[in-house]
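Undergrad: Here it is: the structure, laid out below.
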Number of protein chains: 2
Amino acid sequence: MAKLKPTLAKGTRDFSPIVMEKRNYIFNTIKTVFKKYGYSEIQTPSFENLDTLTGKYGEEGDQLIFKILNSGDYLSKISKDQLSTISSKALTPIISEKALRYDLTVPFARYVVMHQNEITYPFKRYQIQPVWRADRPQRGRYREFYQCDADVVGSDSLLNEAEFIAIYFEVLQKLGLKDFNIKINNRKVLAGIADVLDRSDLLIEMTVAIDKLDKIGVNGVKKELIERGFTDNNVEKLSPILESSGDIDDQLNLLKSFLGESVIGKKGIEEIEEVISYVGVLDSQILEKLQLDITLARGLNYYTGTILEVKTNEVVMGSIGGGGRYDDLTGMFGLAGLTGVGISFGADRIYDVLEELNLFPEDTEEGTKILISNFDSAAERYALPILQRLRAQGIAVEIYPTAAKLKKQMSYAHTKNIPFVILVGEEEMQKGVYTLKDMKSGDQQQFTESELLKYFGEQ
Amino acid sequence: MAKLKPTLAKGTRDFSPIVMEKRNYIFNTIKTVFKKYGYSEIQTPSFENLDTLTGKYGEEGDQLIFKILNSGDYLSKISKDQLSTISSKALTPIISEKALRYDLTVPFARYVVMHQNEITYPFKRYQIQPVWRADRPQRGRYREFYQCDADVVGSDSLLNEAEFIAIYFEVLQKLGLKDFNIKINNRKVLAGIADVLDRSDLLIEMTVAIDKLDKIGVNGVKKELIERGFTDNNVEKLSPILESSGDIDDQLNLLKSFLGESVIGKKGIEEIEEVISYVGVLDSQILEKLQLDITLARGLNYYTGTILEVKTNEVVMGSIGGGGRYDDLTGMFGLAGLTGVGISFGADRIYDVLEELNLFPEDTEEGTKILISNFDSAAERYALPILQRLRAQGIAVEIYPTAAKLKKQMSYAHTKNIPFVILVGEEEMQKGVYTLKDMKSGDQQQFTESELLKYFGEQ
């Protein structure tokens, strides 16, 4: 066996105990809320047949899919002659028939089509699993990362959208975020704007440009619109949209006057109004966080109705969540006309936000609650029964497994953030008690067994 | 986009909501116990550098590792000439530098070596993640499956072994299993037996043969021993070991007389006795489940001390867990002399056992607790506030998102195993009440809002 100095594969991460606790805190918070809103968990395999994934993410996306080499003598399917002239791209489908999932959406679509006869609609599912992308790794961008998605398919009710907004609100509040916004827009409003300009042919060009408003400003967008084929006249007419501000009512009034009689535009406004009305009935507090952002687009080709995005204002950070309604999730697998709406949480970004704002609860880092010290064999035997009795109460307790120096044992407790240490020595054994040390305050106190069990209570 | 009928990649599975709930029930039970014993969770990436994994699982294992094709123009690293003569096996390391993890042990060893300076020993970690093997799929054998491992490294105290036995006991009891055995043996006892026969050179041959006792019986083992190089005399001398039965004391007595003055054999007996003594002090009930199985080996090359295995007697099934002590986990990565002991649970097999014995708690399958029916727009608006108030109490509640036929809504509740439906119609709205239907008994009762909130209480 070669003794190599091991490294991580590029763009991947180990998660150590404290990081895991924090990640689980985020995932559990999200899961708890998803469940409360009636969403059920599913999981799909890490790899799919290659042809399930290819062609779904565009040319660029296809290149970022990790392909798995066939097992065995994979070159047997190709002649030596062919091999000497073939390109990597042409060889790939011959020597690889499986690939790691690139997102959770396409596998979910595949799942829905394969299980369509056993699914009861509306089907509300959530899925929290890693995905893999052969992206160039950089700060905050990894080749393996988790996606947290919830979708409901088979229901066109806009109440679903309102409930997703409530889910965002509840999760972010639970995580301790205070200043955040949930932005809403509607693809039909964007289509209406292009319609009014009489440039429906340039809808995608338009949204690609105005989606950049945050980054390049109004003048940048105007310049880009010209580059993308719009006339000066178009751009001037668009100005009020690009420069729009104010609360939801102001924005709606602007839109109503701008969109005039555009049928699709009016439909978009109606949908936004209905979602907002539902949100107000569910919980009017949420309205304070809700913003209408006429320039929000998010992967326009995919969404057909509501578009959602979540941003925190407490930290400089891209969106920490987003989603929207689509009308043809499963068409790619031959099941047409299934409407749905979904959202996702950016768990890695949320992690960074909570870390920066110091919002992880103190006990997140606490694994074991009590360490029982180990002086010698007699003290160890004296302590084992209380160890099990505390555990029977649901408390995480460890005994240091050997009679090491006390300093070493205390340092172990300290490094592992263990808040209490039980000390057992000659005196304790004679008196039939246990000394409990509070690691934070340094206080020590003697307890009988029953006092100790009572002190920590049933967990 | 091609409209293909999608399929799952061979040997993989989708997990639908009910199956996920049951799987999570098993994982959560195991995690809760791991944590109570002071084990912390870590996670490692799904793929590792190829050279981290190759050479660790033997020739056969290496072939079962899923390799990931390099991204981009992966053939650029090899000339056309070379390509026309190369074998698949020789090509693999040129076009693949990453591979999916095959187990959790090697990545854990890599983790320990890379994080050695930040780890506090003894390091107690658990890890529950999928692994991938390019095995031929068959009933109960998948290409993607979860492993549940807990290990402590950096402590040679046999108290660790005893605590693992207690963990097995507690998890299986919590899962509702009644008739199971935790088998213990020690590699040093096996070495002692070979020592006494004066055939230490054949230790591995011996254990491979006697490890099959369950499958091929005493005569089968004897035949195999002869085939593997033992003399008739050796086999005759081994007879009492192969035919041994009785309780732990009987077996220990047999071993003591058989092993006589063998130094390693005596050491093995001592270790077994110490583990058993610890178990007795931790919880004497566990001793009823503990069996000394002199023929237990489990991957002998790996284990150096205690060997553990768990079997249920209620269902015909292979072992549902196993583990042992090893003295050189990290030597393969250049960090020598780190001792450790670990166990794992076979989650898929445990799933099948619980399913066959009908041991999943009834509420495992219950996701949403209450469905609020949706008669019309007015009833919907009337119901939304109570929907949110129930959720605020931590209860999983859904409202049917459209005013579909009641029959359809009830069938939705039924299929999703939702135990309660709240009915809101003309009468309820006039009276300011809600009708609660118990789906199991069929009983209906009217509640005011506060009565309803009280009925379901804080969850």
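The backbone N, Cα and C atoms fix where each Cβ goes, and this holds for glycine too.
Curation plays no part in TrEMBL annotations; they are all automatic predictions.
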Undergrad: Do you know which of A:Arg133, A:Arg199, A:Arg349 TrEMBL groups with A:Asp103, A:Leu104, A:Thr105, A:Gln147, A:Asp151, A:Arg298, A:Tyr302, A:Tyr303 in the L-histidine site?
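TA: Only hit among A:Arg133, A:Arg199, A:Arg349 in TrEMBL's L-histidine site, alongside A:Asp103, A:Leu104, A:Thr105, A:Gln147, A:Asp151, A:Arg298, A:Tyr302, A:Tyr303: A:Arg133.
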Undergrad: Which three-state DSSP class does A:Gln147 (L-histidine binding site) fall into?
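TA: For A:Gln147 (L-histidine binding site) - judged by DSSP and reduced to three states - the answer is strand.
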Undergrad: Over all pairs in A:Asp103, A:Leu104, A:Thr105, A:Arg133, A:Gln147, A:Asp151, A:Arg298, A:Tyr302, A:Tyr303, the listed L-histidine binding residues, work out the largest Cα-Cα distance in Å.
TA: 22
Undergrad: Run through the Cβ atoms and count how many others sit within 10 Å of the one on A:Gln147 (L-histidine binding site).
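TA: Neighbour count, Cβ to Cβ under the 10 Å cut-off: 18.
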Undergrad: Work through the binding-site residues one by one (A:Asp103, A:Thr105, A:Tyr303) and point out the residue whose CB has the fewest other CB atoms within 10 angstroms.
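TA: Output over binding-site residues A:Asp103, A:Thr105, A:Tyr303: least Cβ neighbours within 10 Å is A:Asp103.
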Undergrad: I'd like to know the mean pLDDT over the domain 'Aminoacyl-transfer RNA synthetases class-II family profile' (A:1-385).
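TA: On average, pLDDT over the domain 'Aminoacyl-transfer RNA synthetases class-II family profile' (A:1-385) sits at 94.
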Undergrad: Would you count the other CB atoms within 10 A of the CB of A:Arg298 (L-histidine binding site), including those on all shown protein chains?
TA: 18
